Amino acid sequence: MTTTASVHTTITRIQSGKQTGESCSPELVKSPWAFDLQAPSYGPGASMADRLPPTAPRQELLPEEYRTASDAEIHARILTAKAALGDRVVTLGHFYQRDEVVQYADFIGDSFQLANAAKAKPEAEAIVFCGVHFMAETADIVSAPEQVVILPNLAAGCSMADMADSDSVEECWEQLADLYGTQPGADGRVPVIPVTYMNSSAELKAFCGRNGGIVCTSSNAETVLKWAFERGQRVLFFPDQHLGRNTAKAMGVPLEEMPLWNSRRPLGGQTPETLDAAKVILWNGFCSVHKRFTVAQIEKARAEYPEVRVIVHPECPMAIVDAADEYGSTDYITKAIAAAPDGSVFAIGTEINLVQRLAAEYPQHTIFCLDPVVCPCSTMYRIHPSYIAWVLEGLVAGEVRNQISVPASVAEPARVAVERMLAARPDTTMAS
Ligand code: SF4
């Protein structure tokens with residue numbers, strides 16, 4: 001794919017027959033508010049098959065004036081509101097957001113970069129986080145207490161984060177305690193250390209904080225696992241099995257020492273003997289976006305471009321990571337492209353909005369997404385400029401809409417787990 005039009009424009013052109021190609025759902029051309037009051041779902045696209053938890057936040061219907069205004073009017077209203085608010089507001093845009101959203105962002109980055117960007121703007125009374133729910137929670141945990149964090153559409157969750165709920169993790173923890181006990185061994189290491197990926201609820205970060213555990217990002221997962229192995233005989237890693245497996249495998253942990261925990265079955269569907277030999281117990285979670293990539297796509301890219309560099313995100317399944325030339329976080333991918341000599345060819349296995357933006361930013365290279373089907377993250381997609389206009393105009397009028405507030409009883413232990421991560425690698429600035 002050589003077009004550098006935004007993903008949204010590309011989808012519209014495909015559906016109208018003006019461009020050849022395929023998108024994963026014809027519903028992607030609809031505005032996100034078409035899904036806010038429908039039967040609960042993650043919205044159109046990659047995550048449609050995943051089940052939305054009954055407790056997931058719901059978005060009220062956006063007022064009509066924001067649903068019916070033209071793109072030009074919404075654009076003008078956002079700029080006017082931002083100008084009126086000045087330094088009182090900071091707007092953050094995740095790499096995976098559509099271009100129509102990130103054009104309003106004061107900072108663009110991955111989840112942890114953005115949480116830190118919010119912290120670096122203490123004069124901002126409000127942080128408008130154009131990302132998904134767990135990211136806004138993280139920003140609330142690390143930002144100043146007087147700052148409010150706003151998620152423009154409350155329905156922008158993350159299907160992977162939702163795959164590990166705190167009740168299921170607590171239940172797993174109890175079963176593991178029954179099996180292993182809770183006392184340290186002769187070497188001083190406790191039986192299990194919980195490790196949660198940044199892409200998880202604040203409650204799970206708090207669980208890790210309370211139980212001697214830690215948070216990791218896709219950039220520092222190896223450093224964090226080393227930290228955990230120094231303190232524990234084994235690790236319980238959630239919610240993303242692929243990041244856990246890919247990282248532990250690269251560290252030399254055999255696959256048979258990484259059983260998968262299925263929370264719907266007793267002992268996770270494993271035998272006591274398997275769990276006894278386990279080094280890393282992997283939660284049965286995954287990212288619907290990164291699960292789409294296949295080895296056949298990599299083979300096709302190599303056949304068409306023998307010189308291609310295939311780089312994939314570690315949320316991809318192991319077979320994809322093994323078949324790629326390199327794997328790494330969004331920050332790794334971005335830096336690899338920036339450092340490459342002109343004329344390089346890259347096939348990238350991560351969310352398509354980021355890939356398209358990199359293709360536009362580096363026209364001296366050939367950069368394309370491994371998946372020929374245009375399929376953005378369906379939960380990131382729930383953010384749209386009309387919701388940004390709605391929350392910003394609310395702030396101008398003195399009203400905070402869609403605040404994400406993590407209670408202190410959760411935020412404090414969650415912060416402990418995040419701080420352990422920072423201490424494990426003080427210069428960590430990257431996430432998914
Ligand atoms: S790309 Fe995957 S992990 Fe990231 S927000 Fe979307 S569903 Fe969640």
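Even glycines carry a Cβ here, placed using N, Cα and C.
The model shown is predicted, which means the values in this text are computed figures rather than measured ones.
Marked as iminosuccinate binding site by TrEMBL: H94, S111, Y197, M198, N199, S218, H313, P314, E315, T330. Residues or ranges marked as [4Fe-4S] cluster binding site by TrEMBL: C158, C287, C377.
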Listed binding-site residues with Cβ under 6 Å from ligand 1, out of C158, Y197, H313, C377: C158, C377
Integer Å distance between the CA atoms belonging to C287 ([4Fe-4S] cluster binding site) and Y197 (iminosuccinate binding site): 12
For H313 (iminosuccinate binding site), the number of other Cβ atoms found within 10 Å of its own Cβ: 28
Distance in Å spanning the most remote Cα pair of H94, S111, Y197, M198, N199, S218, H313, P314, E315, T330, given for iminosuccinate: 18
Candidates H94, H313, E315 (binding-site residues) - the one closest to C287 ([4Fe-4S] cluster binding site) by CA: E315
